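> Pasting a structure below so you can have a look.
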């Protein structure tokens, strides 16, 4: 935490900026356990950690203050740290030890009884419900459907084979089951069973998970070279479906190298940095001190790494721009910092996104104080009552003057795409001592020193990247904390907005006003009226960004559910990054909170890397579709051939071992070959697939059925008239243990070669004609096709009986190759058939229906506590963490005991704990009164009142 280091922060409020951010992030990952809070009569009745007790006593006038000891009834609080929502309140009990002021005891996670059950419940509740990725849902459903169809086909195959054999042998031929013939009959039945299992193995697409894993793993490895560090594997393919990107401005769309290019000082507006002699010396000294002291001491300008290069900016870039201004004015900020080191800073009000300013107080040599403040110009100017004139003297700064400055200085700067920062100061007397806790009063009646315009140039590659996104059907929105005019100017430079388009640019406060009803509640219907046209959201808070992302995701006004990607670098962006379908954090400028909440880290902080992620995401989707197109063609043909052949010839033309080889080709090798296709720019020329679009389009279905028809015609022709074509012995109706035949070997060889050439066809799934386009850019594909062909030659020529193959001569091999290559020609014929005319074709591979998802979620939620209730209480866990720290820091209290404030501190802590007890035991806000009765009527007995949610 930046600051003077003079204050020890032990707890963070729910309504503070950090509290809001952690609440949105889901600080309560350890959810409350599903049981009522119990009141303990005796705090010693349960196993506890050694209590951390505050046994300090106030000494007043040399006499021990026994105020609290005299209380006969004491309130005893027990706090379970590992179960944040469990706070127990003991009823009043008579103190046994007179010297014990207050005892705060914490219960362990595992008590003597039921600890393991509690831990299991906690783990169960803390498991986040991860929504299945789009692709995963579609593949799961498709695989189940194919598996069921394969199981039915294999069962029918076995049943038909057995019935055919039994009827043929025992009915038609009239044979009797002889005991000595039982082994032969059993062998036939085993053979039929093996054929059935083979059909099942070929039909079940066990290569699907492998293809997905290979494709994602390969993509993740390659994306690293494109500056995308993928943290969650499924973010890869989700990005391919992205329909909206909500991008931060600074550092993502811009270079994050800020420079002051315009300045308004001493009633003059300089379009370039002025010379030092053009500014009053008194004003120059003030601006130097204000910037040097009121910027984090970790921010500095360092010499360039290379000779002739730009100076290196270290720390906050906006502060570096201001420090650069000091150097441009030929002043030395380092000398001021040496004169006023960081430990001498009297008070620091750190920057946050609500007040959009930072202030620092220093003590002057005469004992008085001076406050320096810097922040968003239109906000800080409202707190200015004076301004430095040209001669360095202070003059009144009225609301009329402020409006004129906004109109003539700030708006022109903002329209040039500049971020405007106001620097001001205030003199404060030492007597009476100001109330430093009242920041609103302290940071008021300021004297404006200057307003500067800071330029953050747009990255040169960003406009082209945004153009590609828009062409790919992705809407880019800018969400920034900057001035609305600055944001609009930058958005126009980037190409996010275009003159004449119907779009919305608004500030966070307007956005909040328009999405909330009279009760202040956010309504989805109101968000739906805004987000489709919204392109720029300026002066936005972390909550605004989170609300926008959630609103777009939850919207139902468009047919397809929107898939939202978010970029961010600060802690403020954490909630939106976590809520988004895909969160991109900045690798260089990003904070740890942002990186933890993200799915992908951009190692170069560049928006154009997001376009690469879109390409890889769509490529993953296409790779799986290519593999499916190829595998389903093999599936259909192999299952029909095995089934029909078994029913007609009482034997499968493709033997069990041969089928396993085919399975290896179409599963492992094909998934490796087709899942490693590199992406091309052509992927960005079409719209996103959408969450509800099927995996197998009508074009793919046309290709699958078209190639299956060609292969079945060839296989059945060879099966029934192949022996006549090649003038060889027929392999049909062969005895049980007959040697391999050339006839069936030709069928097997032709079938495999057709799959090899069809693998080349499967590279294109959108009806493209040139199937060889880019084939040599994927050496893995070429190696697998050539390697498979080489292994096929070895199997056919030297496989022998294990593979049921008989060696073929050159002429037979050439015919097999010719028929296999016919697949490429047939592919061109299929591509010539218009898909839209084949209305009989149906799509396949749709995702799970919404009602299925709902049923699944309801089943999961049966034994879990109400989600809305958890959300309501989630932010309060920050309080519990703070109290955890208080327990370990009780020694700090002893340093304050001489101030006489210990008794009051104890009462305040008791009030806070009673409030937390109220939060835990009541789902709705209620009023709680805890009283400690003093039997002797000693002073200090009082009622402690707390109202839920007011602290």
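Using the three backbone atoms N, Cα and C, a Cβ is placed for every residue, glycine included.
Relevant sequence annotations retrieved from TrEMBL are reproduced here:
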DOMAIN    652-830  domain 'Cation-transporting P-type ATPase C-terminal'
DOMAIN    875-909  domain 'Plasma membrane calcium transporting P-type ATPase C-terminal'
TRANSMEM  151-172  transmembrane segment
TRANSMEM  192-218  transmembrane segment
TRANSMEM  704-722  transmembrane segment
TRANSMEM  742-760  transmembrane segment
TRANSMEM  780-800  transmembrane segment
TRANSMEM  812-833  transmembrane segment
> How about long-range neighbours of the transmembrane segment (704-722): same chain, 6 or more residues beyond its ends, C-beta under 8 Å?
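Sequence-distant neighbours of the transmembrane segment (704-722): 629, 632-633, 636-637, 640-641, 644-645, 649, 653, 696, 728, 732, 743, 746-747, 750-751, 754, 758, 761, 819, 822-823, 826-827, 829-830, 833, 841.
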> Most CB pairs under 8 Å with the transmembrane segment (742-760): which of 151-172, 780-800, 812-833?
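Looking only at 151-172, 780-800, 812-833, the most contacts with the transmembrane segment (742-760) come from 812-833.
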> Which sequence-distant residues neighbour the transmembrane segment (780-800)? Criterion: at least 6 residues beyond either end, Cβ under 8 Å.
661, 665, 669-670, 672-674, 676-677, 740, 745, 748-749, 752-753, 756, 759-760, 763, 807-808
> Which sequence-distant residues neighbour the transmembrane segment (812-833)? Criterion: at least 6 residues beyond either end, Cβ under 8 Å.
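Same-chain contacts beyond the ends: 702-703, 706-707, 710-711, 714, 726, 742, 746, 749-750, 753-754, 756-758, 760-761, 767-769, 771.
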> So what pLDDT does the domain 'Cation-transporting P-type ATPase C-terminal' (652-830) average out to?
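When the pLDDT values over the domain 'Cation-transporting P-type ATPase C-terminal' (652-830) are averaged, the result is 88.
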